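Heads up, the thing below is written out as structure tokens.
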Amino acid sequence: MTGVTTFKAIALLSLLSYNDALSIPFQRAQPVQSVLNPYPTKPQLTFKPDGTFKITVFSDLHFGENPWDTWGPQQDVNSTILMNLVLGQEKPDYVVLNGDLITGENTFSQNATTLIDEIVAPLNKAKIPFSSSHGNHDNQANITHEQEIKRELQVAPLSYTRMAPLGVGGVEGPGNYWVPIFRNKEDRAPVLILWFFDSRGGVSPNPNPVPLPDWVDSSVASWIESESKEMEDSWGPAGSRGAIAFVHIPPHDIQVLQASLDPNVSQGLNADLLGDGTVQDSSSVDGSTDSGNDKAFWDALNANVKNLHAVISGHDHGNEWCVREPTKDVIFCFDKHSGYGGYSSDGWGHGVRNLVFHSPDPKAGVETWIRLEGGETRARVVLDSNFDQLKTFWPKARSPCSSSSTFFALPEPKSVKGRRRSEMPEPEEKGQRPVAPTEQPSGKERSPTASTVASNVREGAKDLEHGDVAGGKNATETLWHWLIQDVDPVKSTAPLAMYCFMTGYIDAVSFSAIFVWCGFQTGNFAQLALAICRLFQGPPGERDLSFHKADQQALCSLLAFNAGAFVGRIANKYGAHRRLWLIFGTFLQALMSMASALAFWKAGQGSIAGERDLPVWTNTLSFVGLAFMSASLGVQGNLGKRLNTQFGTTIVLTTVWVELMADPKLFKFRQFVITRDHRLIAAVSLFLGAFVGRAILQSLGTAGTMGVSAGLRVLITLAWLFVPNKVIPTRTS
């Protein structure tokens, strides 16, 4: 008996009893609904009053990579920033997380499911309903699809994800379900069904992980048929409803279409070869070689689900195109790789696929496009009967990553999905490595279609597996695209060393005049404690209740520094490693230096104090200048800290000294040791900055010295333009 039949039986029993107390809960909560309702306690999902419904699809988020180092957690931060940015700007009515939410092989058993909390947090905050499918990386030794679903339902009130009845979905494939969307709250029957299917893959859980099939199980075929029959019995003919389907791994029948894509129709990235490194590329269970193991599912879906607008998949991070599958006359589309985890390549970018229903009419077309993190769009098409007839009335989107034909030309599609776990970085602590699964089958050798697909792409871009570049930057790369990329923190030595130089330079100016360090807020904070303590010293009536000038200056510096550091929170929205943010943040420091110079020039006070209790900055404008100096270092410290290098904050050397002395390779003088050498560069740079700052101060005075600091910071601003992009390690899909 299906779940739908059970609902009907309960409803019939309640009517026969003539007792309202026996009525099932969803009948009381939503009396206008028919009995076919899998979500009795959740809000009814409807089109907007203007007749539109927008879905935003995040795919391949890959949270939880490399938790044992700094690279991995930073990717989760970047992915969260992307999610918050997209949700705030796109304002979808519904969100789909289309598989590979977690890189399960990198997770530990004690924290695997808590990654779900991080993933759904932006959705909970935005109060947007959503549901999930799951991928091969969500089934690993320490995590399963079922565990992820259960955790999601615990922590996300607006999650519509659920599990299929027992016996449906095969081993570790429980995520088969559907979500109804209604025209309005008064309608008793939906006008759109969102179908979700579990393509499984990965490995079974500990203690004996074995490879799992990576296709939708054949048991789902009969379930589709029975669910469709129940829908017809309750809501009328299938033709009165539209549908769209989500499954992480593309159906087998899509593979053969890649070789003959028309770039004018199938717009977007085409940089991943389908089928490489997947069991799904093998012959079917009946021994034939002309179809995949998912044939039963594919046939049942297309036979029973009418007005199927499209089937949407992720998995292949380098693909974005849509194509019509001719034997079933159904359109297939790839998602956009959303997460900063998972394999990637220069120029691919991160983003989402948007789907907009402009009418509840089940036969109306669906507008869809790829939206990148920076707001650019590409591959905008309408999914309807004219999809491949080039009659789409929306103009083709141009973006910084588009070629002249709007088909994003990249190297020959190839698989970077087969990289073994043993090739990835290991945890540093023994005993902390997640249990390694047995090696997964790699499938067939490369498809002969690769050479044909190569005719659609251009040579000279970045090699996906080896990271070498032939012929320089991609010809379609623009300055804007360069600006919105992440810099490589490891290769940011020059601007970070200059940051340290500026710390010494500015500290020399403030200490020479008032014996207060603009960057040393530990001392300023302790000085305030001493000032408060002084209020209680001596007998009553003889206590010093004055707020000394030096204490006022320490408080001014402390507050301004923290205000500047708070400004650095802008990176929460745009990305701490984003080149554009680093340029803006450094230029902001230059503006603060210039404002400080102007304030000191107008203040007309001295530059070098003779005695500690006789500071030469005493008037209001000098306090303004001090505040700008301190705030500039606050901004600098935030930028430096979040780049997460051996330079630390670039402000305070105390931690740098301790880490330097503790470095196990401190005395390896004959080799380059980045942890040691970068800390030495930080210390030497700060020392030189203080020396140069005091020398210039002696000649030019405070205003002139701060004017020079503004110019130096403009040079550092420009230096960020020349730092190489971060190269994201290739990983499995």
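Yeah, the Cβs are placed from backbone N, Cα and C, and that goes for glycine too.
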Candidate ranges 296-315, 556-575, 616-635 [criterion: TrEMBL lists as transmembrane segment]: 616-635
Surrounding residues of the transmembrane segment (680-697) on its own chain - C-beta under 8 Å, 6+ positions past either end: 493, 496-498, 500-509, 512, 607-608, 646-648, 650, 653, 656-657, 660, 704-705, 708-709
Intrachain residues whose Cβ lies under 8 Å of the transmembrane segment (580-601), provided they are six or more past its termini: 483-484, 487, 495, 502, 506, 564, 567-568, 570-571, 574, 621-622, 624-626, 628-629, 631-632, 635-636, 638-639, 701-707, 709-711, 713-714, 716-717, 720-721
